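The topological domain 'Cytoplasmic' annotation in Swiss-Prot covers 1-15, 59-68, 112-130, 174-211, 244-283. If you look up Swiss-Prot, you'll see 16-32, 41-58, 69-86, 92-111, 131-148, 154-173, 212-227, 229-243 marked as transmembrane segment. For 33-40, 87-91, 149-153, the entry in Swiss-Prot reads topological domain 'Lumenal', with the evidence type sequence analysis. Per Swiss-Prot, the feature S-adenosyl-L-methionine binding site maps to Gln189, His196, Thr197, Leu198, Val199, Tyr204, His209, Pro210, Ser211, Tyr212, Glu250; the stated evidence is similarity to another entry. According to Swiss-Prot, the feature substrate binding site maps to Arg246, an assignment based on similarity to another entry.
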Amino acid sequence: MAAARRGSAGSEARLSLATFLLGASVLALPLLTRAGLQGRTGLALYVAGLNALLLLLYRPPRYQIAIRACFLGFVFGCGVLLSFSQSSWNHFGWYVCSLSLFHYSEYLVTAVNNPKSLSLDSFLLNHSLEYTVAALSSWIEFTLENIFWPELKQITWLSATGLLMVVFGECLRKAAMFTAGSNFNHVVQSEKSDTHTLVTSGVYAWCRHPSYVGWFYWSIGTQVMLCNPICGVVYALTVWRFFRDRTEEEEISLIHFFGEEYLDYKKRVPTGLPFIKGVKVEL
């Protein structure tokens, strides 16, 4: 049964990668415009062609995987095109690439690393209403400030700093997922599985919650990249509070699962998140 599930997840990983790359082939769109098609017309035909191809090739549930991965690849490709455009939106292109890669890589790494927990939710596209509102708010702020204060969006060194924060956060989070292996899950577990072990090596030797640390700096980095002063502050406060509560919730389960072993680990290794110590234990 486990071998069959791994084989299925491997197939789903390959499917997602193939369709992500298919979506990213929108990078060839400039060739179509040079051939005489108008930009919007070419884009509309391209999107219609992709959807038709996916409908012909796949049936549910594989179509559900394919359409999501293809969409993220398409967004990534558009982000690359925007990044190289001669406009005040080029740094937004960096953001679009970072966002699409984050969501796609969450699914791909889960498929490779912990196939038993793989689902469409692994894309994290339906993370929460708060996440959606936060993303929309950052887009609105960028758009308005780009209209009224375009020079604010052309601070390249600041956007580059944000990009470095995003890359660091992404790499740390994925390192945490690979290190934890089947112990990693997007949902805090309330029951210990037979294969659940306490991971204290690799990046977990540096901090207790490296996946949260990575996501924390990734989130703030996106707003630094966009030069969004309002959302930058709001994101920092919001994600700090979120991870403070999430860390405490998770550590209650970990103490229940591993007892003294986790308490000893907790004493030795910090959370990695600024001013967050984790759940308080009364001795």
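From the backbone N, Cα and C atoms, a Cβ is placed for every residue, glycine too.
The stretches the transmembrane segment (69-86) and the transmembrane segment (16-32) meet in space: the count of Cβ pairs below 8 angstroms, excluding pairs fewer than 6 apart in sequence, reaches at least three. The transmembrane segment (229-243) and the transmembrane segment (92-111) are not in contact, since fewer than 3 Cβ pairs between them lie under 8 Å (pairs 6 or more apart in sequence). Minimal Cβ crowding within 10 Å, among the binding-site residues His209, Arg246, is found at Arg246. Pairs of Cβ atoms less than 8 Å apart link the transmembrane segment (154-173) most often to 212-227, out of 16-32, 131-148, 212-227. The S-adenosyl-L-methionine site in the record is lined by Gln189, His196, Thr197, Leu198, Val199, Tyr204, His209, Pro210, Ser211, Tyr212, Glu250, and its two most distant CA atoms lie 19 Å apart.
For Glu250 (S-adenosyl-L-methionine binding site), the Cβ neighbour count at a 10 Å cut-off comes to 18, with all displayed protein chains included.
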